[in-house]
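Quick look at what TrEMBL lists:
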ACT_SITE  A:GLU433  active site, proton acceptor
BINDING   A:THR151, A:GLY190  FAD binding site
DOMAIN    A:25-139  domain 'Acyl-coenzyme A oxidase N-terminal'
DOMAIN    A:148-256  domain 'Acyl-CoA oxidase/dehydrogenase middle'
DOMAIN    A:287-446  domain 'Acyl-CoA oxidase C-alpha1'
DOMAIN    A:492-669  domain 'Acyl-CoA oxidase C-terminal'
2 protein chains.
Amino acid sequence: MEDTLIREGDNLDITKERRNATFRVKKLAAFIHGGEEIVRRRKEIYDAVEREPRLKNSVPIEFLAREERHEEQARRAVAMTDVATDIIDGSDMFGEGIYYQSLIMGRDLHSLSLHYSMVLPAIQNQADDEQLDEWLGPIISRSLISTYAQTELGHGTNLSKLETTATYDPKTQEFILHSPTITATKWWPGALGKSSNYAIVMAQLYTNGKWHGPHPFFVQLRDAETHMPLKGVTVGDIGPKLGINGSDNGFLRFNNFRIPRKTMFMKNAKVLPDGTYVPPKHAKLGFGAMVFVRSIMIKDQSMQLGSAITIAVRYSAIRRQGEIVPNSGEVQILDYQTQQLRLFPQISRTLAFLFAAYEVKDLYLRVTTQLQEGNTELLPELHGLSSGLKSVVSWETAQGIEQCRLACGGHGYSQASAFPEIYSYAVGGCTYEGENIVMLLQVARQAFLGLVKIVSSIRAGTAKLSLLTSYIAEKQPKTRSKFTCVENVSAEDLIADFEYAAREQIFYAYDLLKKNETLYSTPEEAWNKTGIELCKASRLHVKAFLVRNYFNYVSKCNDSEIRPILDQLGKLYALDGISGGGVWFTRRGYYSDDQMATVRQGIYSLLEKIRPNAVAIVDAFDFSDRELQSVLGRRDGNVYENLLKWAQQNPMNRSEISTAYIKHLKPMMTEGKSKL
Amino acid sequence: MEDTLIREGDNLDITKERRNATFRVKKLAAFIHGGEEIVRRRKEIYDAVEREPRLKNSVPIEFLAREERHEEQARRAVAMTDVATDIIDGSDMFGEGIYYQSLIMGRDLHSLSLHYSMVLPAIQNQADDEQLDEWLGPIISRSLISTYAQTELGHGTNLSKLETTATYDPKTQEFILHSPTITATKWWPGALGKSSNYAIVMAQLYTNGKWHGPHPFFVQLRDAETHMPLKGVTVGDIGPKLGINGSDNGFLRFNNFRIPRKTMFMKNAKVLPDGTYVPPKHAKLGFGAMVFVRSIMIKDQSMQLGSAITIAVRYSAIRRQGEIVPNSGEVQILDYQTQQLRLFPQISRTLAFLFAAYEVKDLYLRVTTQLQEGNTELLPELHGLSSGLKSVVSWETAQGIEQCRLACGGHGYSQASAFPEIYSYAVGGCTYEGENIVMLLQVARQAFLGLVKIVSSIRAGTAKLSLLTSYIAEKQPKTRSKFTCVENVSAEDLIADFEYAAREQIFYAYDLLKKNETLYSTPEEAWNKTGIELCKASRLHVKAFLVRNYFNYVSKCNDSEIRPILDQLGKLYALDGISGGGVWFTRRGYYSDDQMATVRQGIYSLLEKIRPNAVAIVDAFDFSDRELQSVLGRRDGNVYENLLKWAQQNPMNRSEISTAYIKHLKPMMTEGKSKL
């Protein structure tokens, strides 16, 4: 990152914004990204990527038809993995890895996404030594392409109901893979459609007439030379999606397809040559990988929202529309209070989510260390936190991106803005890796199964809770919020407010659950009838974490230049949450009407304070034009001439005369003339 | 519509749902669509469309690249307008017209969209007799294609700042059209890019050295024979968008382009041969057309949400996942309380928006009649209502559609679901025809300019308000909600609750505005600093209308079979609004905590009541598979086999081997093998 983002030839409005900022962008960037050294490395990686001719992107990806886009993503993926070791520290996936990939691949997946992110770790964790020897080389050398096939057409999160079967035949020492129904068709795996010739396939294991539940197999699907599907395998692309269309998500069916015994992963469970099943020693292995993906997702989602808000703030600084003071010229739309309320909370969210991602990563590393020592103490905590955050963060990210887009009016609807790409990519996060409502119910189930056990201990005053849940057992909770005005409110008070709301709702949902257990015939039905309140409890629990974690994280910053900015954004995050959270904060008079009105006044005052620094703050997110891929969000603010250039390049303008005209409109007009 | 939607071969779950409904679908459909006769006509139109071979759609539109899609839409548009008069009553655009078009064009615009919806009415209203004679024939015979070019690259809603100039040259009796800057480029008009050879162009009129503001001109852009842009005209497509990609929205620049004097619309303002400007007699003509488009939009939005919820409810009836009672099999996901809360309020919204659309249409017709008599009394009311509704309805529709999509999990993300098409099309409504926040501020401005004048009269007890605003002056408003439980609550009480919330917020915003006027140097700045609270006031005002109008409308239904359904849906609409509206209802203790909890319990109890009829209710929206274009939403519920078929047809599966493999993946794998 340069000392300043101001260059000659920039739009004058955006330059003025940068000149008026009260802090140096470089300082805030260093704090946001975890230190000057990391910002320096980002620049180094960026420069290296820019220098590499194979990593150049020739044409805007949004101009490509789906098959062209798929091909372009494959080209980039090969180039990216070819030169990766020269450019980044491959062991730092969470940091350099994500950044490097986002510079090259944009908002899409590619032919090698699952090969690296799921198959490689699965083989490292679940293959026995012999299998490791056989499989690891080809995976790393990329002499095969593999994916992970679990979800089926009729079955998502409920693993136990998968229908694909693997039946062992001791005579030939083979498994017979079979898709007995239409709903057994494997569906969704990335890169399965056209790219992969191998897949880890989850199938119900049957041996010696007995069922042993779902197990993974490493299965060859296509011929190594011709790439044609093997006999007994039907495979293809599942068709266009809302987004992520560079990826060939696929379907897969087996018709009594035979595979050797040693294709079953055998580090844990085993099937012996005679068909004897040897169960795994530990049931919950492989759990960490899913959690890792969700942890990565939280950072990724934060960066998507960060891109969107960078684009929207920069564009709002150069767009002029309407007059606030008559005859004094059109104003920057960033000056409208309504525009500020749409945008600035997204800046706060980006940071809150990013700091949460850092915390989850740390927790993940602690858990990994613990697990190596056989200690599973923190695992449920990590599972709960990552699932809950994944839900709240992906949902608020998606909503935030759409607010950014809508705030840019008509040009936001154009793909030149990049918003359609960002939204359709990011909102997928609400669904994959665990549908959000299912996740929230899991958090609730975990918290409440815990609570069922500990609620009596809480009420007896003997509860022993973790850092994340201890507030629930607060012995003397406040009954009135201490909030008087935005200037005086402390981080502790705001955290206490969110903990109040979460605690109230957790107890409310718990009591309702107990009541419903007396009204419905099974505990499961009572659980279902409490579902909405339980989700709400999980959500508030996560939000309390986000607020607490934000202020904890920024408490590390003692720099008088940037700390006030971080405090303003933190307060905005909290007050916006309280104002939007409504009755969860006013229950039992915890917040009075007057306090609520003062919260809103506090928000308006924060919007005014943040306004002069808004452009500089989003500059500090450190997105290059290459990552943003947005005409509206250009660093230089020269939007209009580049919108025109972008439009003129688009394939519809290759010829002045369209096929639609030649084939349909011209005959119609000719006929029309003959009638005149 | 047949007597029943049940057919042999249907999915058993969906058949069971239909069998268990407590009412006849036909009856509800007749009420929803305005009578049995209208439902019968819908069927007639549907059958006629199905019979016409030129109106057949061969390949799913989502499989087409943009240029193919544009061509297919042009083909359909020509066929649709060729045979329209044989099939529909063309004078009934609001009813038969919309329906007919949606059957054929789907969720997209086309080469003739603006030719009919904007140019034709503009010519009818603003051309003088001579112009009418010259222009009407070619428009109606379709010997030319025209569009409406107003918005510019740098200028949206603020008409007075348009930059395109039309300078009169009395020597040649011509106007010189010119785009003096990049930002003066016309941008966005539908069908401008490639299809149209004429456009109504809005330009700043200069004659004899004086500026007279923006005026419309009917301008030839392309050669009538070759279709090439005329010299001095640069025109093209603006590139891909979030949705509506069958339409060639365009850009347009003029380089001192000369057009004859009589291309200026001269029914109202005139420029005489010597350059003398004759101003129009009435300033506000043409106002009705914009209002008409917004009125149509409200119905269209309601139908988009209706499609989405039809798809989501049907799919939720056939999708089974997870067990509520252990070992008793996976349940229909429609049985989850959380799923019901996502979906059923969307059913209520669809109806509330549709009934509001009917009311706006009636008001529109009354205003039109009044205007012909020179009476403009109701015009501001119509303007306010249609702007406000447009904002609230389009926003809640977009949110509702996304909830429907997310509720369908992974398959919702596939374009096979149709949700991506529905969302990207419908959400455009938040932006076009007046950006939503701008619209809400307009409603506020109008209401508050009114209020400034009448607030003293309200406080003096002498205010005279219209039907839509009289509640604001309620002399003895309730201070406590009468709500005790969902079973006993009346429509009147629920309406009173919404009026309470709206009134409180209107006065709150008004008082804040007055306070801000003392704090800021200009009234405009005070207005800006009250923007958020004013928008909230407008929103609550519109919501009060929606609730009042819903219950007024269903009060016409005395049928004991369907009235209970309509009441349940109305209560759900209101209670969901109260629960989501939070502090706006609890202010000054109007709703207590206990009442709020009871509201939530009421919602849960309504969800249970609606559950058994859910499929039948969405059936009554009367969408055919042709309109839904959704594999998930098929009438027959046979989703899975058809998902597989749909996927297999998609262009990525034309060949087993992709270009990506041949060009990029195969070389990579070959090199990988050489390293092993």
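The backbone N, Cα and C atoms fix where each Cβ goes, glycine too.
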Check your understanding: In sequence order, which same-chain residues at least six apart have a C-beta under 8 angstroms from A:GLY190 (FAD binding site)?
Key -> A:LEU109, A:SER113, A:LEU114, A:THR147, A:SER247, A:ASP248, A:ASN249
Revision key, fill the gap. Students should find that the recorded positions A:THR151, A:GLY190, A:GLU433 with a Cβ under 8 Å from chain B are A:THR151
**Study point:** Nonlocal residues around A:THR151 (FAD binding site), in sequence order (Cβ under 8 Å, 6 or more apart)
**Key:** A:LYS186, A:TRP187, A:TRP188, A:PRO189
Practice item. For A:GLU433 (active site, proton acceptor), just count the other CB atoms lying within 10 A of its CB, please. Key: 20
Practice item. Pull the DSSP breakdown for the domain 'Acyl-coenzyme A oxidase N-terminal' (A:25-139) and write it out as helix, strand, coil residue counts. Key: 91 helix, 0 strand, 24 coil
Check your understanding: So what pLDDT does the domain 'Acyl-CoA oxidase/dehydrogenase middle' (A:148-256) average out to?
Key -> 96
**Study point:** Number of helical, extended and coil residues in the domain 'Acyl-CoA oxidase/dehydrogenase middle' (A:148-256), per DSSP
**Key:** 3 helix, 50 strand, 56 coil
